[in-house]
Amino acid sequence: MPRTPARKTKKAAPSHPPYADMVKAAIVALKDRTGSSAVAIAKYLDGNYKLPDTYKKSLSLTLKKLVESGKLVKVKASYKLGSLKTEPKKKVVKKKPAAKKKTTAAKKKTAPKKKVAKKPKKPAAKKPKKAAPKKKTAAKKKIVKRKK
């Protein structure tokens, strides 16, 4: 009887989004000014997504990869959004056409500005150095002989 190759079973698709998306959502939702710690991100993911028991290992690997790629910025023990951050759309400012200048009739004469003479800075007065205090020499003890 010929051997048939073993059939590969397909894994069921996970019921959660990719870890990178979940990490981004966690950091945005936590709104920490200094960044979110790995523990805080893990708690957020545990509470909001149905994850396998080994999600913490996958999370730490994902955080490392995101930091290496520059999508996250690691500050001390916290993570901030790097290039994952959605950049706000820049407002387009339309420039007004420059008005034509009238050369002779419209010139206003302005009084020349008076220059204020700056006072030269005086160098800080040097304080004389105080003589180092003299060390007190130990007073010699006088030996007093008692009479018996």
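Counting starts with 1 at the first residue shown.
Here the Cβ of each residue, glycine as well, is placed from N, Cα and C on the backbone.
Record features, source TrEMBL:
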type: DOMAIN; residues: 15-83; note: domain 'H15'
type: REGION; residues: 87-148; note: region 'Disordered'
type: COMPBIAS; residues: 91-148; note: compositional bias 'Basic residues'
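Counting residues of the domain 'H15' (15-83) by DSSP class, helix then strand then coil, yields 38 helix, 10 strand, 21 coil. Taken together, the residues in the domain 'H15' (15-83) have a mean pLDDT of 88 on the 0 to 100 scale.
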